[in-house]
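One structure is given here, and the rest of the page talks about it.
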């Protein structure tokens, strides 16, 4: 089994209730390039996949992750799957690019954010409680380990570019979560706020 550099944080003791599925477990292709950033993520950006549809078994969620990586890497020409993590309907957390890796999910935020994709279309339905809890647990883990800044801003993808993502139902849900920011502050000259 190959250990990917982006999986190294998984060697830490995690307080997560959800199982973490490594890149090698879901069958990820190697990234073309891995670009890291050192400061904690100033933003957590929530997405939905729209397609693939919601998955409720681990096998189906692994397929969904491979499908997203194929689309992002082979069709769009990106270095890897765009998201930092995927959340499956099976309640598992799937490692995409991982923490502190520049993503391809939110232009102008990719080098200072964690992009979490809840697999499925959440325009009219809400993800399961298990998915929502896995997302909150992942954020709490990132905070506890210093991967996410203690003053992070929580955003929906639609706040940083014109899109329906993460879907109306999911977006309305995250507006009630701690650190949700109705007006994101991405002033590149003001990033001292986010340094430890």
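Positions of Cβ are set from backbone N, Cα and C atoms, glycine also.
Just so you know, TrEMBL annotations never went through curation; they're auto-generated.
The domain 'Peptidoglycan recognition protein family' annotation in TrEMBL covers 18-161. The annotation domain 'N-acetylmuramoyl-L-alanine amidase' is assigned in TrEMBL to 28-167. The annotation disulfide bond is assigned in TrEMBL to 55-61.
Secondary structure by DSSP for the domain 'Peptidoglycan recognition protein family' (18-161): 41 helix, 33 strand, 70 coil. Within its own chain, residue 55 (disulfide bond) has 61, 63, 64, 88, 89, 90, 119, 120 as residues 6 or more apart in sequence whose C-beta sits under 8 angstroms from its own. The Cβ neighbour count for residue 61 (disulfide bond), using a 10 Å radius and every protein chain shown, is 24.
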